[in-house]
Amino acid sequence: TRVPGAGRAAGVAASGQDRRVSAPGTAAIPTDAAGAPGRRTSLQEDAQKDAPATEPLGKGEGLVWEEEEGRATLILTFTLRNARKAGLSKTAEVFETFEAGIHHFETRQAKKSKNTTDDLEFFVKCEVDNSYVNLVNLPPFVPWFPKKIRDLDKCHHLIAKYEPDLDHDHPVSLRDPLPRVEYTVQETATWREVYRKLNSLYPTHACKQYLDVFQQLEKCCGYQEDSIPQLQDVSRFLKERTGFQLRPAAGLLSPRDFLASLAFRVFQSTQYIRHSSSPMHSPEPDCCHELLGHVPMLADKEFAQFSQAIGLASLGSSDVEIEKLAALYWFTIEFGLCKQNGSIKAYGAGLLSSYGELVYALSNTPEHKPFDPELTAVHPYQDQTFQPVYFVAENFEDATAKLQKYALKIKKPFSLHYDPFTCSIEILNTPQKVKNMLSQMKEELKNLCFALENIS
Ligand SMILES: [Fe+2]
C-alpha cells in the first residue's frame, strides 16, 4: 500500500466496487446529514457538484484517519480519470471547500490505467475539523493491534528504560533466544535475601495455585536461594504448562503494548535485579518481581486464561478502555486477592514479590472489596505506596467469566478469536469465518461427548 502509517493507524475505508473513495466532498457524504449546519450543508452540495469522477476503490487505495483534539488527520489514496485535464484543480477545490490543511499532496501517472496517460493516482494527507469527518460514513477509528505473534516486535514502546543490556531501538525478537545473564555475586546475594524472606511468608499468605507451582519450580526450574533462574529455562517451563512464554523487556512498557502481548500468551519480563542497598523494595519491576511474583501464577491454567482474556480485550480498544483494562490488570494480576477455604490469599505479583505489602494486604488495615470489573476498572490506584483497597475474587474461573462479560461490552466493530495453532488473532468479520469457528467447536464437542461416554 502507498498509505504511510496504514499499518499503525486507524480505520481503513471499506473496499468494494460500489464504494467511492471517501474523499471529503465526494459522493460518500450523505446529502441528508441530519443536524448539519446550513453552511456545512451548502459546502457539501458545492463539493458534490464539483467532485471529479472517481474510480472505485482498488487494491492499495483507501483512506486512513485519526482523530485528536477536535481535528482529524486523513490519509487518502485514490485514482481520478482524465485528471490531467481538469481533475487536478477541481480536487484541490474540494479540499479548499472543506478548509482542509494540506500536509502532503502528490500525484503520479496511474499505474494500471486502461484508458490514457491522463489518469492520475493521488496521495493526500490533510487535516480537517472533526465535524466534517462525522458527516461522512467512515468506519469507526480502531487503533492498530498485533494480529500475529511476530507483530509483537512492533510492541516495544517504553514508558521508562531500565535494562542496561537491552537496546529498545533494536528489541529482542521472540525468534531470538532469550539471553542468558551472568549475575554478579552481589546480585545473587540480593536475590538470596529476597527469596528467603518471601519464602517464609508464602505458606500462610500465597494462594494454593502459587504454592503448587512454586514447588515444581524448585524441583525442575532452578528456583533456589543461591542462584537466579534464567528466563530461558523459566520460559520453557511455562510453555509446557500453559503456553505462556517470556520475552525480555527493556523497561516499563506502555499499557497498550504490554497488554497486547498477553493476548498471545507472551509475558514481557525484565532481567535486571533491584539495587542491593534496598533488597526489600524496588520502585520498578525487576527479576525478583517477575520470577517470584508473576511466573508461578502464569503456570496455572486458569490464571493463564484470565491473563490472556485481559490481553484479548485490549486489542483494538480505545485509549479510554486501555486505561480501564490497565486498572483491572493492576488490581488483579498485580495486586489481586482471592478467597480460598474460608480465608483470603494473595495471587497478585506485586504482593507476592513484596514482603511488606503482602503482610499489609492480608491484615485488617486495608479495605477488601469483591472483584467487580465495572467498579474495579474505574477505581483509582496507588503506585507510590501500599494500596488502600484490594479486590477479592471468588476464584479464577469466576473472575475470568466476569472479565469476559465486561470485555464484551467494550465497543468494537468486530469480534476476535485467538488461534492457538498459529498463535494469531482472527477477526471474525464474515459469516464464513463464524461458520468455520462453529464447525471447529462442533468437532471439539463431539470429542468431549465421546470422552464422557467412555467415563460413564
Ligand atoms: Fe508486574
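Just so you know, the numbers here start at 1 and follow the chain as drawn.
Cβ from N, Cα, C; glycine included.
According to TrEMBL, the residue from Glu240, Glu323, Glu334 that belongs to the Fe cation site alongside His289, His294 is Glu334. In sequence order, Pro285, Glu290, Gly293, Ile333, Gly348, Ala349, Gly350, Leu352, Ser353 are the residues of the same chain, not among His289, His294, Glu334, whose CB sits within 8 A of the CB centroid for the Fe cation site. Its Cβ placed at the centre, Glu334 (Fe cation binding site) has 20 other Cβ atoms within 10 Å. Every protein chain shown contributes to the tally, and the Cβ of His289 (Fe cation binding site) ends up with 23 other Cβ atoms within 10 Å. Long-range C-beta contacts of His294 (Fe cation binding site), restricted to its own chain and to partners at least six residues apart, with a cutoff below 8 Å, comprise Phe267, Ser269, Ile333, Ala349.
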